[in-house]
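*Asks:* Sharing a structure below in structure tokens format, with a few things to ask.
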Amino acid sequence: MKLRCPAAYGTSHVDDANMKKLRSRITTDGLDRAPHRAFMRAMGLDDAAIAKPMVGIVSMKGEQTPCNMTHDFQVAAAKTGIEEAGGTPREFSTVSVSDGISMNHEGMKFSLFSRELIADSIEAVVHGLAYDALIGYGGCDKTLPGVMMGMVRCNVPSIFIYGGSSLPGRVDGRTLTVLDSYEAVGSFMTGEIDSATLERIERACLPTIGACAGQFTANTMGMVSEAMGLTIPNVSMVPGVYAERAQISRRAGRLIMEMLERGGPLPRDIVTRKSLENGAAIVAATGGSTNAALHLPAIANEAGIAFTIDDVGEVFARTPLIGNLRPGGKYTAKDVHDIGGAAVVIQELIRTGHIDGNCITITGRTLAEEYGAANAPDGEVVYAASAPIMPDGGVAVLKGNLCPDGAVIKVAGLKSQFFEGVARVFEDEEACVAAVRDRSYKAGEVLVIRNEGPVGGPGMREMLGVTALIYGQGMGEKVALITDGRFSGATRGMCIGYVSPEAFVGGPLALVRDGDKIRIDATNRRMDMLVDEPELAARRRDWKPRPPRHRAGALAKYARLVGQAPGGAVTHEGPAEWPWFE
């Protein structure tokens, strides 16, 4: 059967096979699609453009954050590549909440929530407009997993592109990232630096647009996209302001058309248990963001794979730390790029059996084929796995009576992985920040911030503001901090987050009282409150749930839907199916 479109100049003929292959034909072909084509013509598309495959390009370009401001020229280059290869690019945008600007106030409740909004909005546009394929850009922290989740949910030929990091700053010969500005506030409070120095750091630490320069959440998830095979090989560490990024995007535009022609590989072909383990391995190997322990299960959920914080923790425990990267180490993303890129890490982990090189990538080739020619570790930025910085990874998942379903700590850079102290309980982040600003806390205390989990926050706020103050005051390893909220990828010190179950739903964190003794033993992956079980049982009987903080609006809807941290704090379970497009 052939369909004639008399409304189109030149008449379009599409047989059943192509109708099945190109989803967009449901919007472009046939007599009754004349109104649809009219809308397309109003956007400047001619007959030839309407007849070609429609490729969506999603980004967050805008003025919310410098992290996404590299997207503009990269998207333009991707459009060129698509057009050169015979496709019609269709650009659209989605939300982004700057983790930096929303930090340490109520706005941070929207950060993790925005990850779900991004995935949802990609699903809405790609399926709502029946695009044939997708190129998705990420920049600020939650945009990367949000886009990857959206890609896997839609399951059309897709390429993820990380927009790249900023260049590091310099003051007095010292390399800076934005973390230095957070910690400098604490240093100023103690008198270690003066206001002039604080201002110089503020003005110098982010000299260009692009995401934060250390191995914080954005760069971590950029590397994860490589280790999982969802992006063009060895591009994640190219700084966002480099002209090379235009070449990368133009290549992506051509490659997406090749993927569309051959029918894949599709995101759910790429996202497997093995590729998820590869993603977890590169997090551990580089001392990456603890947020990855939340994002990997969320990506897995979109593919229908049960991959929880326990699975992430197993990979963390068997993977050596070989990346000497900030915040636990010395170097930045640019330094990794200068020695050969993420390929150096990936190939070293493939060589030593910590990454499965047989996993497929978007190119149709395996990781081993794509990364086999990578440079060897330089021994300074990236160590050999046979002589690692640490033998068992820079991030750890803890269990114990305080976190029966798990908690996460970044151990990279810690002088000691053991801490025992007495609890000082705060019912929200603001109360703890006030105590730290007043310096009304002391060495040996375990600062407990609760009711900041996915439901209780709601939104599971990041605590970089308070952890950086503590570190800047020289107390980073003299106290511990525990929370059912999250940490920034830039957090360092004895900080344990993602405690689950969260306090708001009756998790053990809700039972902690001032003066309770708490033991943290990261070496043995344990965290416990040293309180007798009869006393804990009595506290459980007395515990009463708190009223929700939001009864209407977006956060109220989020709180009703969101799950706990071990499963990724997702708002639905399992893969979305669209049989209409199958």
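Cβ atoms are placed via backbone N, Cα and C, with glycine included.
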*Asks:* Write down the one residue from Cys154, Cys205, Cys212 that Swiss-Prot lists together with Cys67, Cys140 as binding [2Fe-2S] cluster.
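*Replies:* When Swiss-Prot describes the [2Fe-2S] cluster site, the candidate it includes is Cys212.
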*Asks:* Pick from Glu452, Glu462, Glu477: which one does Swiss-Prot list with Asp99, Asp141, Lys142 for the same Mg(2+) site?
*Replies:* Glu462
*Asks:* Rounded to a whole angstrom, what is the C-alpha distance between Cys212 ([2Fe-2S] cluster binding site) and Asp141 (Mg(2+) binding site)?
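*Replies:* The Cα atom of Cys212 ([2Fe-2S] cluster binding site) is 9 Å away from the Cα atom of Asp141 (Mg(2+) binding site).
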*Asks:* Compute the C-alpha separation of Cys140 ([2Fe-2S] cluster binding site) from Asp99 (Mg(2+) binding site), stating it in Å without decimals.
*Replies:* 7
*Asks:* What subset of the recorded positions Lys142, Glu462, Ser488 lies within 10 angstroms of Cys67 ([2Fe-2S] cluster binding site) at the C-alpha level?
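*Replies:* Cα filter at 10 Å returns nothing.
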*Asks:* Tell me the Cα distance separating Glu462 (Mg(2+) binding site) from Ser488 (active site, proton acceptor), rounded to the nearest angstrom.
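*Replies:* So the Cα of Glu462 (Mg(2+) binding site) lies 6 Å away from that of Ser488 (active site, proton acceptor).
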*Asks:* Counting only residues 6+ away in sequence within the same chain, which have a CB under 8 Å from the CB of Lys142 (Mg(2+) binding site)?
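*Replies:* Spatial neighbours, sequence-distant, of Lys142 (Mg(2+) binding site): Ser96, Val97, Asp99, Ser111, Leu112, Ser114, Arg115, Ile118, Thr217.
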